[in-house]
Amino acid sequence: MTHQTHAYHMVNPSPWPLTGALSALLMTSGLIMWFHFNSTTLLMLGLTTNMLTMYQWWRDVIRESTFQGHHTPTVQKGLRYGMILFIISEVLFFTGFFWAFYHSSLAPTPELGGCWPPTGIHPLNPLEVPLLNTSVLLASGVSITWAHHSLMEGNRNHMLQALFITIALGVYFTLLQASEYYEAPFTISDGVYGSTFFVATGFHGLHVIIGSTFLIVCFFRQLKFHFTSNHHFGFEAAAWYWHFVDVVWLFLYVSIYWWGS
């Protein structure tokens, strides 16, 4: 490390990949225990260790990038490629869910009554809460772009305001989605309609929670003056992720809520 003559970051040995893998094992085992034996002990242990791992791992990355200067332009380029590939992998995840939905809805089987939505299913009105959710996410896309432009112009206060608005809209979306699930006239066990609806929208909702967490971390980092107009990849990655979540929701709204109803 002392005599390094290249622009790459040679990472020091870290325990977090190991603790992260163990926490993932605990979480998946805990889910099975919860589903089959109604015991949440293992799941809670897995979630706790996962949160602790993420906190400490991200803390180390922030130290390396912001305070130690290890994230050179070459390293940032690699991180950009990594984030792009990660988002592409997420696109493929959602492609699978849309495939399942269209496979079931374009050629409904006789067991479903030969129609879509299946006989006995009362779909949600796309012009009520789903339309409000769409407006909320589109507004958050505008505010995150405002935050990015403010950062590039060196306007710290506007950046913080825009970021706070984006986080608030993300939390509002999650609350609206939770209320919609609570009041839905069908469940995940109501045949293929219930399973495709809840898996696709639930997976998207999980991504909104992850994206909101990402933005909250960026908000606190900006409070501590971590970002500059030419060194802010953490925020840029969060913004990319948030726009991805926006676009996926538009496809979900048009496919499942509007056309599918």
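Every residue, even glycine, has its Cβ placed from backbone N, Cα and C.
Annotation source Swiss-Prot lists topological domain 'Mitochondrial matrix' at 1-15 (among others), citing similarity to another entry.
Per Swiss-Prot, the feature topological domain 'Mitochondrial intermembrane' maps to 35-40 (among others); the stated evidence is similarity to another entry.
The topological domain 'Mitochondrial matrix' annotation in Swiss-Prot covers 67-72 (among others). Listed by sequence, the residues of this chain that lie at least six past the ends of the topological domain 'Mitochondrial matrix' (67-72) yet keep a Cβ under 8 A from its Cβ atoms are 7-9, 79, 231, 233.
For 106-128 (among others), the entry in Swiss-Prot reads topological domain 'Mitochondrial intermembrane'. Per-class residue totals from DSSP over the topological domain 'Mitochondrial intermembrane' (106-128), listed helix then strand then coil: 4 helix, 0 strand, 19 coil.
Assigned with DSSP, the residues of the topological domain 'Mitochondrial intermembrane' (184-190) fall into helix, strand and coil as follows: 0 helix, 0 strand, 7 coil. Per Swiss-Prot, the feature topological domain 'Mitochondrial intermembrane' maps to 184-190 (among others).
Residues or ranges marked as topological domain 'Mitochondrial matrix' by Swiss-Prot on the basis of similarity to another entry: 224-232 (among others). Across the residues of the topological domain 'Mitochondrial matrix' (224-232), the predicted structure has a mean pLDDT of 88.
According to DSSP, the topological domain 'Mitochondrial intermembrane' (257-261) comprises 3 helix, 0 strand, 2 coil. Per Swiss-Prot, the feature topological domain 'Mitochondrial intermembrane' maps to 257-261 (among others).
Among the features that Swiss-Prot reports, transmembrane segment is placed at 16-34 (among others).
Here the transmembrane segment (41-66) has long-range neighbours at 9, 11, 14, 16, 19-20, 22-31, 33-34, 217, 221, 226, 233-234, meaning same-chain residues at least 6 beyond its ends whose C-beta is under 8 angstroms from one of its own. The transmembrane segment annotation in Swiss-Prot covers 41-66 (among others).
Taken from Swiss-Prot, the feature transmembrane segment covers 73-105 (among others), and the record attributes it to similarity to another entry.
Taking Cβ pairs closer than 8 Å, the transmembrane segment (129-152) reaches residues 158-159, 162-163, 165-166, 169-170, 172-173, 176-177, 179-180, 215, 222, 227, 229, 232, 235-236, 239, 242-243, 245-246, 249-250, 253, 257-258 in its own chain, all 6 or more past its ends. What Swiss-Prot lists as transmembrane segment is 129-152 (among others).
Sequence-remote contacts of a segment are chain residues at least 6 beyond its ends whose Cβ falls under 8 Å from one of its Cβ atoms, and for the transmembrane segment (156-183) they are 124, 129-130, 132-133, 136-137, 139-140, 143-144, 146-147, 150, 198, 201-202, 205, 208-209, 211-212, 215-216, 218-219, 222-223, 225, 227, 242. What Swiss-Prot lists as transmembrane segment is 156-183 (among others).
Residues or ranges marked as transmembrane segment by Swiss-Prot: 191-223 (among others).
Among the features that Swiss-Prot reports, transmembrane segment is placed at 233-256 (among others). Here the transmembrane segment (233-256) has long-range neighbours at 62, 65, 71, 76, 79-80, 83-84, 87, 90-91, 94, 98, 101-102, 126, 130-131, 133-134, 137-138, 140-141, 144-145, 147-148, 151, 166, 170, 196-197, 200-201, 204, 207-208, 210-211, 214-215, 217-218, 221-222, 226-227, meaning same-chain residues at least 6 beyond its ends whose C-beta is under 8 angstroms from one of its own.
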